[in-house]
Ligand SMILES: Nc1nc2c(c(=O)[nH]1)N[C@@H](CN(C=O)c1ccc(C(=O)N[C@@H](CCC(=O)O)C(=O)O)cc1)CN2
Ligand SMILES: NCC(=O)N[C@@H]1O[C@H](COP(=O)([O-])[O-])[C@@H](O)[C@H]1O
């Protein structure tokens, strides 16, 4: 059984999709947020999943917050840490501690549209296809090795909300599958099996 800790900042709909997928070999050990009022925490608690929150505003700088966050996460002995709408940029120290066992889902077809407000920017640029990307997290924001992607056509009458809603459906399919592949040691990057630290 592989322990998974999921980090959220809000509703955590991707966390909910992963929990609901009931992935064989996976145990959702905890859901942790940087916001005590994150809607996803109550959802997880109602399903008997351990939850915790750590307010980044209570710490003097990113390094201090990330160190405390890692301490909280490690109490659950994670084999995999999943970012699901987690809205904090993580320090190199944190990312290195979870090398090759830290995933994120980003709402664009990386390397296009890194950062925030991806749907607004895609529509403003007039792209014909958008989508989402599951990737390993590295120190460089939204530039880690790509694990999986889903393509969503952009419609002429799309606004950001409509596009986001269609892409979110694909996220809720893509992310649980990527987590299941990690748990089953099926994940590859550019055809190479991912070698994880023990
Ligand atoms: N070192 C890394 N940290 C994070 C990565 C990553 O690839 N490397 N992915 C992000 C997730 N993300 C987009 O997918 C993302 C999250 C947050 C931000 C951001 O600008 N955050 C601001 C605060 C924004 C807010 O509180 O609303 C910040 O941290 O100052 C950009 C992209 C997760 N972390
Ligand atoms: N940079 C991270 C980011 O923008 N994540 C995005 O936040 C939305 C809400 O996620 P949630 O419903 O799982 O909280 C999702 O579209 C996810 O891709």
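Placement of Cβ uses the backbone N, Cα and C atoms for every residue, glycine included.
What TrEMBL says about a protein is an automatic prediction, not a curated fact.
The domain 'Formyl transferase N-terminal' annotation in TrEMBL covers 2-179.
DSSP assigns residue 14 (N(1)-(5-phospho-beta-D-ribosyl)glycinamide binding site) to a helix in the three-state reduction. Per TrEMBL, the feature N(1)-(5-phospho-beta-D-ribosyl)glycinamide binding site maps to 12, 13, 14.
Among the features that TrEMBL reports, active site, proton donor is placed at 106. According to DSSP, residue 106 (active site, proton donor) sits within a strand segment. Residue 106 (active site, proton donor) has a Cβ environment of 23 other Cβ atoms inside 10 Å.
Listed in sequence order, 104, 106, 110, 111, 114, 115, 135 are the same-chain residues six or more apart from residue 142 (site 'Raises pKa of active site His') with CB atoms under 8 A from its CB. For 142, the entry in TrEMBL reads site 'Raises pKa of active site His'.
Take the binding-site residues 13, 14: by the count of other Cβ atoms within 10 Å of each Cβ, the lowest one is 13. Mean predicted confidence for the domain 'Formyl transferase N-terminal' (2-179): the pLDDT average there is 98.
Non-local contacts of residue 12 (N(1)-(5-phospho-beta-D-ribosyl)glycinamide binding site) by the CB criterion (under 8 A, 6+ apart in sequence, same chain) comprise 6, 31, 33, 38, 39, 40, 41, 43, 44, 84, 85. The 6 Å Cβ screen around ligand 1 retains 142 from the recorded positions 12, 13, 14, 142, ordered by sequence position.
Take the mean position of the Cβ atoms of 12, 13, 14, the recorded N(1)-(5-phospho-beta-D-ribosyl)glycinamide site; other residues of that chain with a Cβ within 8 Å of it are 8, 10, 11, 15, 16, 17, 18, 40, 84, 85, 172.
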